[in-house]
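So the structure is just underneath, and the comments pick up after that.
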Amino acid sequence: MKNLKVLLAFFISAFMLPCTVLASDGGVAASIIKDPVVDTLFSIIIILSIVIEIKTAGFSGGSLIAILAGLILIGTNWYYEGGQSLEFALYFGGIALIILDILVMYTGIFIGAGFIAVMAGLFFTFGGNMTALYILLFAVLASCVGAYFLFKYLPDNHIWQKITLHARQTNKEGYLSSSKDLSSFEGKSGISVSTLRPTGKISIDGDIKDAISENGYIEKNCEVRVVKVENNYLIVRKA
């Protein structure tokens, strides 16, 4: 819980500061948001938000944070310096590709292309020079470190488990979540009927169940084995 609160507080404070300044003094806002340190912090937030969104298969709200951060950065650049449509198209087109791949395509290719487009959009937003390159390089490195600690310590957090294991109950295509005891499925094998990123659906003896991959990404139509049951979800790995 403590780790999650720190994460949320960091996100909230990162967005409240520029928004408050924007409302009070436009000149100060421009100098703050265009500062390389602030640009780096925003880039870290954006990258971590995208990583968390991918990790939770679109259930974390990370894409919304990335969109808001992009609006602040690109909007400020346009308002005060007359930006071009290129950075807008690259950034938000990249976000759209990532969301599309997470929710529809399940290839990973569009995620990679989308991430490159997002980084290119930020590069041009930050000036398209060596300073912009240094900002993004540092942000990527810092985000890798941040992601390591997030995924090392947060998986045991109760709220984080709800985020990553949460599957929207729906009658569509027979995808029904069951609240009954699933211990009988432990040790059984089945087939993934959707991509697990890490959450998804598997079929065991014709039953569709919510599952989460123990080791990250598992493609559709792969044979999987249930290694344990947690919170009425099947924890699986490739068979």
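Every residue, even glycine, has its Cβ placed from backbone N, Cα and C.
Across the range of the domain 'NfeD integral membrane' (38-152), the DSSP-based residue counts are 99 helix, 0 strand, 16 coil. Residues annotated as domain 'NfeD integral membrane' in TrEMBL: 38-152.
Under the heading domain 'NfeD-like C-terminal', TrEMBL lists 186-238.
TrEMBL lists 1-23 with the feature signal peptide.
Marked as transmembrane segment by TrEMBL: 59-80 (among others).
Residues 36, 39, 43, 46, 50, 54, 66, 70, 73-74, 77, 83-84, 86-98, 100-102, 132-133, 135-136, 140 of the same chain lie 6 or more positions beyond the ends of the transmembrane segment (109-126) yet place their CB under 8 Å from a CB of it. What TrEMBL records for 109-126 (among others) is transmembrane segment.
Feature annotation from TrEMBL assigns transmembrane segment to 132-151 (among others).
Sequence-distant contacts of the transmembrane segment (132-151), counting only residues of its own chain at least 6 positions beyond either end whose CB sits under 8 Å from a CB of the stretch, comprise 7, 36, 39-40, 43-44, 47-48, 51-52, 55, 119, 122-126. Per DSSP, the domain 'NfeD-like C-terminal' (186-238) is made up of 0 helix, 33 strand, 20 coil. Mean pLDDT for the domain 'NfeD-like C-terminal' (186-238) in the predicted structure: 83.
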